[in-house]
């Protein structure tokens, strides 16, 4: 009886994880940035909490800034463009203030993912 209960619980857990993963994928694919916003480039880290590259970018003829206090990497977009995907780099940590990623004088390992758009 305990074995059947464990199997049933495992099946429910797998089903829940599968549904959750499907919802996440659909949300990412269906997200509409609108006509006046563009996605910021990001870098992954070993804690699986991606951070933005810089705090400001040109988008559809205008400027786009991240909110003050947002975590970021002090890395220029042109450097991000040249980074080798899946290769670890030592990246300076920063915090957005008035559209600038201000250096916190700390570093962490980061990497560009596969399939990142340029």
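Don't overthink the numbers, they just go from 1 along the chain as shown.
Placement of Cβ uses the backbone N, Cα and C atoms for every residue, glycine included.
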Quiz item: Pick from 18, 45: which does Swiss-Prot describe as N-linked glycosylation site?
Solution: 45
Quiz prompt | Close recorded positions near residue 72 (disulfide bond), where close means Cα within 10 Å, chosen from 38, 45, 96, 110 | solution = 96
Quiz prompt | Of the disulfide-bonded residues listed as 38, 55, 96, 110, the one whose CA lies nearest the CA of residue 45 (N-linked glycosylation site) | solution = 110
Practice problem: For residue 38 (disulfide bond), write down the residues of its own chain that are at least 6 apart in sequence and whose Cβ falls under 8 Å from its Cβ; none is a fine answer. | Solution: 57, 59, 60, 64
Exercise. List the Cα distance (Å, whole number) between residue 96 (disulfide bond) and residue 110 (disulfide bond).
Key: 18
Exercise. Pop the Cα-Cα gap between residue 55 (disulfide bond) and residue 101 (disulfide bond) into the table, whole Å please.
Key: 5
